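Q: Dumping the structure here so I can ask a few things about it.
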């Protein structure tokens, strides 16, 4: 915590204010108020400015939003890509074959593995164990660090095989996939 962070305490009331959360995606702060041991208020404040992706979609051809929305986040592009495609398919009453749904689900699982590996091993575990980074932690826990890298790579590989590339997949389209994975 820096000088702006504070913990105020009286006999019945505690207030915790964290002005900048570390090791999270994005920027935010946390404010928690407790009375007699019970949380009475909890606020997560997001400091990132709006990026107005919605305005970028106005007047676009219906094939364009998935590519645009997948750029909202480089760590979780699949979530935005598939959500956009599903919304358009629902609005246009497009039915997709079960195998396409299964491939999308597998693509999503790849993102889940990659994202959770990043959060658990790269962002949180080092801090929980008193290290500034995974690289520093690897000096004492080389097998665990190697496993963390393998887990993240496994998620990225799933995304690449099904989505065409690891970041901002290109093989998922409304009603179908462009290219089915060969192996």
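Placement of Cβ uses the backbone N, Cα and C atoms for every residue, glycine included.
Fair warning: this is a prediction, and the values are worked out from it, not measured in the lab.
Below are the features listed in TrEMBL for this protein:
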BINDING   54  Mg(2+) binding site
BINDING   73, 76  Ni(2+) binding site
BINDING   76  Fe cation binding site
Q: Could you tell me the C-alpha distance between residue 76 (Ni(2+) binding site) and residue 54 (Mg(2+) binding site) in angstrom, no decimals?
A: 18
Q: Please give me the CB contact count at 10 A for residue 73 (Ni(2+) binding site), counting all chains in the structure.
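A: A 10 Å sphere around the Cβ of residue 73 (Ni(2+) binding site) contains 15 other Cβ atoms.
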Q: Counting across all protein chains shown, how many other Cβ atoms sit within 10 Å of the Cβ of residue 54 (Mg(2+) binding site)?
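A: A 10 Å sphere around the Cβ of residue 54 (Mg(2+) binding site) contains 9 other Cβ atoms.
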